[in-house]
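What TrEMBL records for 61-185 is domain 'Ferric oxidoreductase'. According to TrEMBL, the domain 'FAD-binding 8' annotation covers 294-342. Look at TrEMBL and you will find 40-64, 85-106, 135-158, 170-189 tagged as transmembrane segment.
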Amino acid sequence: FFWLSLNVWLFWRTFLLYYQGQQYYYLHQMLGLGLCISRASASVLNLNCCLVLLPMCRLLLAFLRGSQKVANKKTRRLLDKSKTFHVTCGVTICIFSVLHVAAHLVNALNFSENYNEDFVALNAANYRGEDPRKLLFATVPGLTGVIMVLVLFLMCTASTYAIRLSNYDIFWYTHNLFFVFYMLLMLHVSGGVLKYQTNLKEHPPGCINPNKTLQQNVTLPKALEGLFPDYTTDLLPEDLPVPEPFARNNFMRICSEEPKFQSHFPETWFWISGPLCLYCVERLYRYIRSNKPVTITSVISHPSNVLEVRMMKEDFKARPGQYVILHCPRVSALESHPFTLTM
């Protein structure tokens, strides 16, 4: 319930930020709901790409379950459901990836159709009517996004029960493509296609810039004539004091400069860098520890296809409920499976 509530809160909070946020006024005017949905789904993806790695940190889970800090039996049973939580996060990533991709397809189309010459820095397209496929295949965010979709499709289809049962190696090798997925994700968020306005005080969204208005030989509204009596054809001087935010007619706002836009600093790094580093360190530690020799003392075949393998390893003490990960190189170079210890 906590995980579900966090996902809903993140989605709704981000949606409202891009729907109502003043810094995204012009971007929202250009892209519409596609902007809000793409960013809201991206927040959910960041959360679940962070959490999906934690259930795979086996040493961390074993430490928490065996320590006295987690004494509650219900909490320990939740830790035993780590694989279920991993699958839940994976399914959520697949669902919101589809939503994210669909929203960005709409964004690419809107960037092309709603190209605005007044906000050149805000446009991802180079001109009105540009082929949206160029935005998808000729930019870093677009190209990395397409490759990530293909990688995610391979991982999801190979994770189905039928494929795992028929050929476990296919599942194992494709699942390790998550390293490629995360590297592409790092590049994907560094494109800086979506931008926000930085000078909200100098240019409130939707205001009128007298300099630009007079430069284009457009007549000012009557409500503003009293404010600028001597500047009917020339540009306003830079040292002219900025008028009140609202003019006499109570709905016209005056701005002193054009809007300025800037790309966001990528937030995905903050979400995934910690769990990814933790997982990589654990995988490295498990690899180093697995190189210590293990002596098999006996192998006994019991009824009902039960196989008993007795082993010895230096500096190893078994505890109740512990399991070991067995790896047989003659079966698979990378595949390994957990087995419960009985002694």
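Cβ coordinates are placed from backbone N, Cα and C, and glycine is handled just like the others.
These figures come from a predicted structure and were not determined experimentally.
Shown for the domain 'Ferric oxidoreductase' (61-185): DSSP residue counts in helix, strand and coil, namely 96 helix, 0 strand, 29 coil.
Residue counts of the domain 'FAD-binding 8' (294-342) by helix, strand and coil are 0 helix, 23 strand, 26 coil (DSSP-based). Sequence-distant contacts of the transmembrane segment (170-189) (same chain, at least 6 residues past either end, Cβ-Cβ under 8 Å): 49, 140-141, 144-145, 147-148, 151-152, 154-155, 158-159, 163-164, 266-269, 272, 276, 332, 334-335.
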